[in-house]
Amino acid sequence: MKETPKKVLVIGSGPIKIAEAAEFDYSGSQALKALKEEGIETVLVNSNVATVQTSKKFADKLYMLPVVWWAVEKVIEKERPDGIMIGFGGQTALNVGVDLHKKGVLQKYGVKVLGTQIDGIEKALSREKFRETMIENNLPVPPSLSARSEEEAIKNAKIVGYPVMVRVSFNLGGRGSMVAWTEEDLKKNIRRALSQSYIGEVLIEKYLYHWIELEYEVMRDKKGNSAVIACIENLDPMGVHTGESTVVAPCQTLDNLEYQNMRTYTIEVARSINLIGECNVQFALNPRGYEYYIIETNPRMSRSSALASKATGYPLAYVSAKLALGYELHEVINKVSGRTCACFEPSLDYIVTKIPRWDLSKFENVDQSLATEMMSVGEVMSIGRSFEESLQKAVRMLDIGEPGVVGGKIYEAKMSKVEALKYLKERRPYWFLYVAKAFKEGATIDEVYEVTGISKFFLNKIKGLVDFYETLKILKEIDEETLKLAKKLGFSDEQISKALNKSTEYVRKIRDQSNIIPVVKLIDTLAGEWPSVTNYMYLTYNGTEDDLEFSQGNKLLIVGAGGFRIGVSVEFDWSVVSLMEAASKYFDEVAVLNYNPETVSTDWDIARKLYFDEINVERVLDLIKKEKFRYVATFSGGQIGNSIAKELEENGVRLLGTSGSSVDIAENREKFSKLLDKLGISQPNWVSATSLEEIKKFVNEVGFPVLVRPSYVLSGSSMKIAYSEEELYEYVRRATEISPKYPVVISKYIENAIEAEVDGVSDGNRVLGITLEHVEEAGVHSGDATMSIPFRKLSENSVNKMRENVLSLARELNIKGPFNVQFVVKDNTPHIIELNLRASRSMPFSSKAKGINLINESMKAIFNGLDFSEDYYEPPSKYWAVKSPQFSWSQLRGTYPFLGPEMKSTGEAASFGVTFYDALLKSWLSSIPNRIPNKNGIALVYGDKNLDYLKDTAVNLVKFGLTVYSISELPLQGIETIDKTKAEELVRAKKVEIVVTDGYLKKFDYNIRRTAVDYNIPVILNGRLGYEVSKAFLDYDSLTFFEISEYGGGI
């Protein structure tokens, strides 16, 4: 008998951080839908303003608060839910659930945990309890011992024997974990590992060098019925975090006995923790024989369960929520197929490849080797009918400038076999590119296996691609059969044209003449073995006919955001989903093209049609040929859509909204600067970096510092502030590399200015705009800035000038749809620095802060015009809203934390308040590891910028009850100083509660900043923000905990 609680509290995962990303927007949204179907009132706690689930249509009540136990207790006290779901918000939600249980909050208010119970969660997440549980149930685990202190860890490592793997309990993304080859390795890093455990516990485990890592996803109901949904094979061996691994599904190298044995163990693991819902079980398999160990389990929706859901077409999160309510597997219908129940295990007639995406080039000093800690910020998923096709598609989806496994920059680089093997031994990201290069330079399968541990099955497939490509290069013309084979192996028109030394248009023309076009296949979860109809599709050249007939009519294709990276995250998925919903009123059929397995936009019940495939000109033109889309929308998915807009328009594609030529003017720095000059709109002095002589002349006129800005980039890629000639020439070189087709502009950097933005919508004549003000001064990338609505420090006169400028641009460029304009304001004069003719990163925040969906308004603007009489309209603010960045410094081994014009944050949180400080503090506390300092603790405050703000910060922290030290080498007037060595010792001893600093001081304070983030100590990297947060600490007792609509926000 199922349970029907009247009101359920769902805990979200908070802002996106490395290892806890948009997969929890997807899983949380599905859980909320499953509850709504039952007529259950839902309450959501989540501070991630960028997500789809923090829109009003998903939860009946929404609290945008820090996802921590004391804030959730306030919600429980007010809402009195019957049940709580903690399995849909990642490790963050599980930790909160365990805390609420241990502190007696759930018992006090009679709140029942739905799904897997707390004792089962603790058995799974405490390394010690998990080991004991497996041994009790005769399930194989590697030799290991747990430890709760440095001394115990060192002692147990001697017993287990080196090399050892250090695994961290109650932890996210392998943070703090490592492989220690010697006692010296262990001593150097064990304190950090213990610091990263929520319960101060690690497991010292025998390191299984070059063993194969596999994952199984299992569903289990309250009666113990189980269904194994997917087997996922990691191409990277043990020692590389699964989130860092390239993976395939279904498993490719297992024989039936291996598969069935591990399947049985998976069901036994689920039984041993009394799982209700979904979990994944990770295995290590000896490549030399039938020997396997169970490594761990996650008793919640996870990154791999989101991948499994999208790979198989089985809605794991939806089914899991139903099981948590007491349904049995046979009682739940799989809504993807619409025909089968949830006890049917999926069968695949295709191969899925997932590859992580890294952005390590944005971070100084970062360790470039893949290891036990996750550092990737996103992932892509491709679908093909052969491993080669699937892998090559996935490489292009990464959007890193590589056309496939072969034929790109790395493949054609000057690099010897020895160098390629060296990079492989170091486990550099995108290892498959170096594997191909090694084979091209003459390496053998055995040589590559020796340094990588990657199965020879996969290495042989990559070698086959190299051999085929080298054969292509000696052809003068290509015949029909060879071209067909190339497409079946996943080669793009670009790759083929490079090999033949022809144009892509030439290859496409031959394909069209020979009728070599991809076919559309359905993902039905059952490999066609059972009748079902789905809307979930991919394209392949390994087929003869389409699985569906294409209708005629008024149809729209929406280009999604692709794989997430620094600067492109869940906020663009919010824009895509918002556009899907808004566009359905104007079109007969709306389809989306996207390939990100983490997102809501790639869910089975969001779009009328979902094409899970590449985003590039070739693929969009293929789809238009089949579907005859009337329009293509490129403005909602971030930079990837804008990058192909002009080329699509040149190929006769009708773009929805602003024209591709206007987008080109805005994205091309030189063209845009000339336009501003023509319109008489103020901007920082600039010059196009066409020659060193021009640059020298310009710098002599305006003086340092100057800002180097490439075109057609997102998140400030290669954008740098240069303070000397040496820096300037180095930055120009890098910027030219990242955007070689477009000009680099050098502009005067205006110091000590306010940065502000306008998120807006235009119909070409009028503007709906929302003003956002940054807390940090100009020079900190907008994605890393703390933002306030309404504005606080800008004068009305400045804002009016900004509005005039925006209106002038909207009319000149005939902007139709969403846009974002960035300003630097100095001495009440606004200077425009950037215009983005697309949905912006801050648009979910500005929309929810004002209670008006800017994407919905965009569709009105495009088709009907804006419905107000003023030339420029800004909705009034009812209360305060503040958005804060989430950094993942601790996950990025070795990097130096600092802020500048290139974006570093991985996510964002927001909160609402009756005052600016009420909203600010809750927003800041929503980003980990931020917390209220313990009074009587120590704060370090120092820096070489914003010194007045730093001094005032120190005064506030003293008032709050902290002992504040500055550093004698960088003293602050009136503040007690200690030397740098003493400061480092205090941080290492974990006696420091918070660090507030400013400026780029890597040679001086690298150890202080790095150790602080490694030990989970809050670090504020800007003096102005430090001052505002320290002031907010003084009003900590005045925080408000209202539902979002009580603040007048939400959409």
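Each residue, glycine too, has its Cβ placed from N, Cα and C.
On a predicted model such as this, the values are computed, not experimentally measured, just so you know.
Of the residues proposed, Glu737, Glu796, Glu834, the one Swiss-Prot records at the same ATP 2 site as Arg709, Lys748, Ile750, Glu755, Gly779, Val780, His781, Ser782, Gln822 is Glu834.
For the ATP 1 site that Swiss-Prot gives as Arg127, Arg167, Gly173, Gly174, Lys206, Leu208, Glu213, Gly239, Val240, His241, Glu296, the extra residue drawn from Gln117, Gln196, Gln252, Gln282 is Gln282.
Gln282 (ATP 1 binding site) sits 39 Å from His781 (ATP 2 binding site), taking the CA atoms of both as reference points. Of the listed binding-site residues, namely Gly173, Gly779, the sparsest Cβ surroundings within 10 Å are found at Gly779. Nearest neighbour of His781 (ATP 2 binding site) by Cα distance, taken over the binding-site residues Arg127, Glu213, Val240, Asn298: Val240. Looking only at Cα atoms, Ile750 (ATP 2 binding site) sits nearest to Gly173 among the binding-site residues Arg127, Gly173, Glu296. On the 0 to 100 pLDDT scale, the region 'Allosteric domain' (931-1051) averages 97 in the predicted structure.
Taking only the Cα positions, the spacing between Gly779 (ATP 2 binding site) and Gly173 (ATP 1 binding site) is 31 angstrom. Of the candidate binding-site residues, Arg127, Gly173, Lys206, Val240, Asn298, the one lying closest to Arg709 (ATP 2 binding site) when CA atoms are compared is Gly173. Closest in space to Asn298 (Mg(2+) 2 binding site), of the binding-site residues given as Arg127, Lys206, Val240, is Arg127, taking the CA atom of each residue. Ile750 (ATP 2 binding site) counts 21 other C-beta atoms within 10 Å of its own C-beta, drawing on all protein chains shown. Counting other Cβ atoms within 10 Å of each Cβ, the binding-site residues Arg127, Lys206, Arg709, His781 show the lowest value at Lys206.
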